[in-house]
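The block underneath contains the structure these notes are about, expressed in structure tokens.
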Amino acid sequence: MIAKSIVDCIGGTPLVQLARLYDGRKAEVFAKLEMLNPAGSIKDRPARYIIERGLAEGSIAPGTHIIESSSGNLAIALAMVCRIKGLRFTAVVDPKISPTNLKILRCYGAGIERVTRKDSQGGYLETRIERVRQMLASEPGAVWINQYGNPRNWESHFHGEGDEIARALDRPADMLVLGVSTSGTVLGIARRLRREWPGLRVVAVDAVGSVLFGAKPGPRELPGIGASRVPELLCRDDIDDVIHVDDYDAAMGCRRLLEREGIFAGGSSGAVVVAIDRLLARATRPLRIVTLLPDRGERYLDSVYDDEWLARIAASRAGGAVSAASPSLHVPSLEEVL
């Protein structure tokens, strides 16, 4: 099949059994490789879905200025889609944006609007949204994607990965285990799969320091999981359990995934691996689990896959100062893991 544009290559990602990480006699774990989308992440799906439906219905006009609060994957996905659709795009970002993501956005020609003031939760999300509202007020024709409250976010995953997983598996899964941030992914896929498998148990994987499920805000560094603000989309009734994973454990989960499966994935994928480990540790029977690996590891070379960064995170968790070479706390290097 010949695609008309790179946007038409979004979706249809493979579902892979993680048979080297998990013994099939104790668990079958299937992971959808969303990092294989053209712009490198699961966020390609809502970016395409929201833009194309907006253009089709007229809520987005040709040449419209699209604005979104994102320092990561959605910003990159929107930059790609807007480039193909002839739209102008500005990403509202904060100081936590990685140098790699900033360079990618600029390569796509995206505008960059940066905030520096922290919000009431100690993060930047509220401040970024405030800046978005200011931009909309000064440019009435602009359109805010609003991944936190736009129902087309979860609809894109309902009709995307949800449909694809339902078609791919020959029998029901016991659990859906997914990282959560805006909550669009987990809600969309859970709602679709529960049509097929009403007994499906949905487990959200959240970051330590995230406020999504009522915990107090705290420091966290990895993007793509957790939030400093509860999104309008979040419906806790669709979620059965929540597992919190900190940055260090998530990074170690990524390294295990790379070591055992050869899958070079981003931080939230490692958090999911850790969550599945915890679930299986208390399982009383073999389980069939479905998950997603949302993005590529290349965007985390300065964090998850950097030994000095990992040593700093380990020191913070231990409450002291430590380097990667410190004898007081052994932090395995990437070479040791591999």
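Any Cβ shown, glycine's included, is placed from N, Cα and C.
Note that the structure is predicted; figures quoted are calculated from it, not measured.
Taken straight from Swiss-Prot:
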type    : residues                                              : note
BINDING : Asn73, Ser181, Thr182, Ser183, Gly184, Thr185, Ser268 : pyridoxal 5'-phosphate binding site
MOD_RES : Lys43                                                 : N6-(pyridoxal phosphate)lysine
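Feature annotations (Swiss-Prot) mapped to structure.
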residue : record                              : CB count, 10 Å
Lys43   : N6-(pyridoxal phosphate)lysine      : 30
Asn73   : pyridoxal 5'-phosphate binding site : 29
Ser181  : pyridoxal 5'-phosphate binding site : 26
Thr182  : pyridoxal 5'-phosphate binding site : 24
Ser183  : pyridoxal 5'-phosphate binding site : 26
Gly184  : pyridoxal 5'-phosphate binding site : 29
Thr185  : pyridoxal 5'-phosphate binding site : 28
Ser268  : pyridoxal 5'-phosphate binding site : 32
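Note on proximity: among Ser181, Thr185, Ser268, the binding-site residues of the record, the Cα nearest Lys43 (N6-(pyridoxal phosphate)lysine) is that of Thr185. Excluding Asn73, Ser181, Thr182, Ser183, Gly184, Thr185, Ser268, which define the pyridoxal 5'-phosphate site, the same chain contributes Ile42, Lys43, Gln147, Gly179, Val180, Val186, Gly224, Ile225, Pro294 within 8 Å (Cβ to the Cβ centroid), listed in sequence order. Binding-site extent for pyridoxal 5'-phosphate: residues Asn73, Ser181, Thr182, Ser183, Gly184, Thr185, Ser268, maximum pairwise Cα distance 15 Å (rounded to the nearest whole number).
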